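Asks: Taken from Swiss-Prot, the feature region 'Pyrophosphorylase' covers 1-226, and the record attributes it to sequence analysis. The UDP-N-acetyl-alpha-D-glucosamine binding site annotation in Swiss-Prot covers 8-11, Lys22, Gln73, 78-79, 100-102, Gly137, Glu151, Asn166, Asn224, Arg330, Lys348, Tyr363, Asn374, and the record cites sequence analysis as its basis. Marked as Mg(2+) binding site by Swiss-Prot: Asp102, Asn224. If you look up Swiss-Prot, you'll see 227-247 marked as region 'Linker'. Residues or ranges marked as region 'N-acetyltransferase' by Swiss-Prot: 248-454. The active site, proton acceptor annotation in Swiss-Prot covers His360. The acetyl-CoA binding site annotation in Swiss-Prot covers Ala377, Asn383, Tyr384, Ser402, Ala420, Arg437 and is backed by sequence analysis.
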Amino acid sequence: MALNVVILAAGKGTRMRSDLPKVLHPIAHKSMVQHVIDTAYQVGSDAIQLVYGYGADKLQARLGEQQLNWVLQAEQLGTGHAVAQASANIADDDTVLILYGDVPLIQASTLEALLAAREENGLAILTVNLPNPTGYGRIVREGGSVVGIIEQKDANTEQLAINEINTGIMAAPGKQLKAWLGQLSSDNAQGEYYLTDIVAMAHRDGVAITTAQPESAVEVEGANNRVQLAQLERAYQARAAEKLMLEGANLRDPARIDIRGDVTVGMDVMIDVNVVIEGKVTIGNNVTIGAGVILIDCDISDNAVIKPYSIIESAKVGVDASAGPFARLRPGAELKEDAHIGNFVEMKKAVLGKGSKAGHLAYIGDATIGSGVNIGAGTITCNYDGANKFQTIIEDNVFVGSDTQLVAPVTIGKGATLGAGSTITKDVAENELVITRVKQRHLTGWPRPVKLKK
């Protein structure tokens, strides 16, 4: 018996006021429908049917590389009609799990509970109790057993008082589901084919109907406009922040962190306010992350300190190393153990060796720097000639004076000293002192320029 997941993603989302299909609007830098697809994989789906309509080209451009069966719903005639478009891809012995591309916060654990609640060849529906159920289909029970779902527009006064609502998420047996879909009618207040009508059919046919509920109602909330999208974003971030704290991170203010990827943290991590984490980020033990830091696809080792307003992207920070404030590590940069870069230092495709430091105002690109090196303020590795990039190699224990330019390709030998203001165009041997600045001149009685009269 296979688990066949059907994801409904055909709507335009008019209230979003956007050319982008509704399900492609992002939560934490990932489209809503991608969140749902990822969750479907987590519960062990054997196949995923993506029912699409509006914006097919944009959907396929974003999702096309994944293992999905694309099912076109040319006309949006209701949820029942949408699922029916996937019937040809459903085997009789499949368990069919129906999800929604604009309900991104549904948890795998909730879906697992729903599947576990389903009896053999039975129908399981995910419900939730709301203090204000206005707008939702109500769960109709008789003697405690579910007998049907009535939509808001079709409900009578007594049914409108029910606060258990249908989330739309359900698990059904493939053979019966296909039969029920063929019996749907659009004879209702909205003139649509309601998927919810299959619940009454299941009751009629004597099929066992069971229910499950999510841990939190926010799991089943959708986004029809940008206000609701922002609310889901905040709910996602609150959940992500809670997870970090349970794993060992101290968040200065859990409401002021944005997590837009997969982050792993060690013990006793301190994260200040307004930090943004994107992509795959690993943070070791006893790490301190300052306010306003942006971490993207990077590894931060034990005891490292990232001072405020630094950006670390596709880079590595070693044990006891530090960066910032206002430092930038671009892709391919690495700080080795106990290395340090300070304010307004930028590194790209470069390694700063153990115990080496660049305190301020430097650009280090396409360079390999050994241990115990001092990079003075204003130092620049001139790595680009307008067509190609070249390497700078600085060996151990080199002292680079302030305002030095190293014109690559160039190698500086161990223990060398480069005088401040030098432009280095040739290799420097070990323990040499090199000074290339112009000889200082003294002109006595020099008349300073004065402003011309207008």
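Note: Cβ is positioned from N, Cα and C throughout, glycine not excepted.
Help me picture these features in the structure, burial and contacts included.
Replies: Proximity of Glu151 (UDP-N-acetyl-alpha-D-glucosamine binding site) to non-local residues of its own chain (separation of 6 or more, Cβ distance below 8 Å) is seen for Gly137, Asn188, Ala189, Gln190, Tyr194, Thr196, given in sequence order.
The C-beta environment of Asp102 (Mg(2+) binding site), restricted to residues of the same chain at least 6 apart in sequence and closer than 8 Å, consists of Ala9, Gly11, Gly13, Lys22, Val23, Met32, Val33, Gly222, Ala223, Asn224.
Sequence-distant contacts of the region 'Linker' (227-247) (same chain, six or more residues past either end, CB-CB distance under 8 Å): 16, 25, 27-28, 32, 104-105, 218, 221, 254-255, 257-259, 263-265, 271.
All protein chains considered, the CB of His360 (active site, proton acceptor) has 18 other CB atoms within 10 Å.
Counting only same-chain residues six or more apart in sequence, the Cβ atoms lying under 8 angstroms from the Cβ of Tyr384 (acetyl-CoA binding site) belong to Gly365, Phe390.
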Asks: Counting across all protein chains shown, how many other Cβ atoms sit within 10 Å of the Cβ of Gly78 (UDP-N-acetyl-alpha-D-glucosamine binding site)?
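Replies: 21, counting other Cβ atoms within 10 Å of Gly78 (UDP-N-acetyl-alpha-D-glucosamine binding site).
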Asks: Within 10 Å of His360 (active site, proton acceptor) by C-alpha distance: pick out those among the binding-site residues Leu8, Gly101, Asn374, Ala377, Asn383, and say none if nothing qualifies.
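Replies: Checking each Cα against His360 (active site, proton acceptor), the hits are Ala377.
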Asks: Test of understanding: give the count of other CB atoms lying within 10 angstroms of the CB of Ala377 (acetyl-CoA binding site).
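Replies: Taking all protein chains shown, Ala377 (acetyl-CoA binding site) has 19 Cβ neighbours within 10 Å.
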Asks: Taking the Cβ of each of the binding-site residues and counting other Cβ atoms inside 10 Å, which one has the highest number: Leu8, Ala420?
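Replies: Result for the most crowded candidate: Leu8.
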Asks: Calculate the per-residue pLDDT averaged over the region 'Linker' (227-247) and state the result as an integer.
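Replies: Over the region 'Linker' (227-247), the predicted model scores a mean pLDDT of 97.
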Asks: Within 10 Å of the Cβ of Asn374 (UDP-N-acetyl-alpha-D-glucosamine binding site), how many other Cβ atoms can you find? Include all protein chains, please.
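Replies: Step by step: centre on the Cβ of Asn374 (UDP-N-acetyl-alpha-D-glucosamine binding site), count other Cβ atoms within 10 Å, giving 16.
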